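**Student:** So that we are looking at the same thing, I have put the structure below in structure tokens.
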Amino acid sequence: MTSKRMALWPRLSEAEAAVNRAFAASRVGRYFKIDARKSSFTKELRAGAATFLTMAYIISVNAAVLTDSGGPCTMHDCTPVANSTAAPGPECTVGPNPGYEQCLARTKSDLVVATAVAAMAGSFAMGLFANLPLALAPGMGANAYFAYNMVGFHGSGSIPYRTALAVVMLEGILFFALSAVGLRSRLARMIPRNIRLASAVGIGLFLAFTGLQAHQGVGLVGASPSTLVTLTACSEVDPGTGACLGGTMRSPTFWLGAVGFLITATCLARDVKGSMIYGILFVTAVSWVRGTSVTVFPDTPAGNAGFAYFKKVVDFHIIGSTAGQLSFGGLRHGGVWLAFLTLLYVDVLDTTGTMYSMAEYGGFVTDEAGGGFEGEYRAFLVDAASTVLSAGLGSSTVTTYIESTAGIREGGRTGLTAITVAACFLGSLFFGPLLMSVPPWAVGPSLVLVGAMMMRVAKEIEWGDMKEGVPAFVTMALMPLSFSIANGIIAGLGVYVALHWYDWVRQGYGKVRNVLDERRNQVAAAAGEVGIGPAAAQDVV
């Protein structure tokens, strides 16, 4: 038996080589430049599978984060209180309400599909038109800003969900226009480098803080009447205030989430492919067991309904409530335009930085392209157009994923890698019942670790220069502490201007003085040639 297996491997290798040669010589192979980029058909397939494994977590994570905004659900979806003639008020969206929870469940199903479709379409277009092994999906950071700052938890923010989607679409359209006319890179360079780096760090802290809370995380931190934030991980909390009703560190779901965190962190430390997904899979699988203290299907009406849907396993869900829910009527308010500029800022920096780092990592940057990379122009257009599509489906900004390095590391060098990622996202559309049943304590650890990975750029900040270090610190500190990405950016830029204005004025004065001195010298030289005295020449100036 062993000898038969050993004889089989050469045959498989020969068959694979034959397939690769035939594909490279085909019209499709020549279009994707398989030979020119020293790749092969099977290598591109493996690279696409590796990239998908590392970013598949975004399907459930993005849907869960955006569902926290409440989506299109309002108090009108709440179930009236028994034996009461009064209509439900806004408070029904905070406490447990069967009608509102059912609406949230529908919204989450829609957003699972919206996330997968946006990632599928964006990755496919990136591969087909730009011929680059870069995968796209709704971005972390932008989705948190959308859910918690713009719309607010269960609609408690200043911008309604429909208006927020309109803002995302307008931002995508403007980003497309800026990319089309070549202004995108100039816009990115307008922001001081240290503020750009600090923004990435601050967004990472913001995501980690979100993953540590109860609504979309492991529940390690919560509210405190004396210190604002404190250690919780309670087995039971007050639904109104979030305060502990029992002792801390007694939540079984927290300890299960902590195990998932260690699994994912260990895989990341050992550079295991698909590291981000293994902790989520373990925690989710344990949480699917009914009758335990960590089950995501408790013996309640909502839990029973969720379990009934989960047992379907395969189900193709059609978006029913989030697609096309855009309202441009509220764009006249000032807070909307602040959100618009913040989204544009984050999108430009995130996409530009990620694309150039991926192009550098994959060896696509060339001197012939002026320091750019082949397919750069089309890549930015695809990224912006994907954001427009995502907003139309009810989701947030799409960006190029740093997880594309997994595929590039596997040898992916052409757009076939991205098209393979798109095919994988297409397959995920048929497993909605499983993706819908991922609990918050499985998602939270991934948010914390994404935040940890975003810390790496902090070492590049010029901490030795206080005029650079202080604005950077203010930027990254205020994002999680004020729970607003926009507040951190505005404060950081404000402090930067306050610390640099004197230098700018001094430099401007110096330039003006140099111009005047040069003018005096020119006039004096001309006066000497025609015999005018120095005093007269001075009067001329």
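Using N, Cα and C of the backbone, Cβ positions are placed for all residues, glycine too.
In case it's useful when we look at the structure, here is the feature table from TrEMBL:
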- 159-183: transmembrane segment (TRANSMEM)
- 195-214: transmembrane segment (TRANSMEM)
- 254-272: transmembrane segment (TRANSMEM)
- 336-359: transmembrane segment (TRANSMEM)
- 379-402: transmembrane segment (TRANSMEM)
- 414-435: transmembrane segment (TRANSMEM)
- 470-499: transmembrane segment (TRANSMEM)
**Student:** Which bits of the chain, at least 6 residues beyond where the transmembrane segment (414-435) starts or stops, bring a Cβ under 8 A of a Cβ in it?
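**Tutor:** For the transmembrane segment (414-435), the list is 32-34, 37, 39, 41, 44-45, 47-49, 51-52, 55-56, 59-60, 63, 109, 112-113, 116-117, 119-121, 123-124, 126-137, 309-317, 407-408.
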**Student:** Of the listed stretches (195-214, 254-272, 336-359, 379-402), which one yields the highest count of Cβ-Cβ distances below 8 Å with the transmembrane segment (159-183)?
**Tutor:** 379-402
**Student:** If we call contact 3 or more Cβ pairs under 8 Å (sequence gap 6 or more), are the transmembrane segment (470-499) and the transmembrane segment (254-272) touching?
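**Tutor:** Checked: the transmembrane segment (470-499) vs the transmembrane segment (254-272), no contact.
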**Student:** In the same chain, which residue numbers or ranges, 6 or more beyond the ends of the transmembrane segment (254-272), come under 8 angstroms Cβ to Cβ?
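**Tutor:** Same-chain contacts beyond the ends: 217-220, 233, 278-280, 282-283, 286-287, 294, 441-442, 444-446, 448-449, 453.
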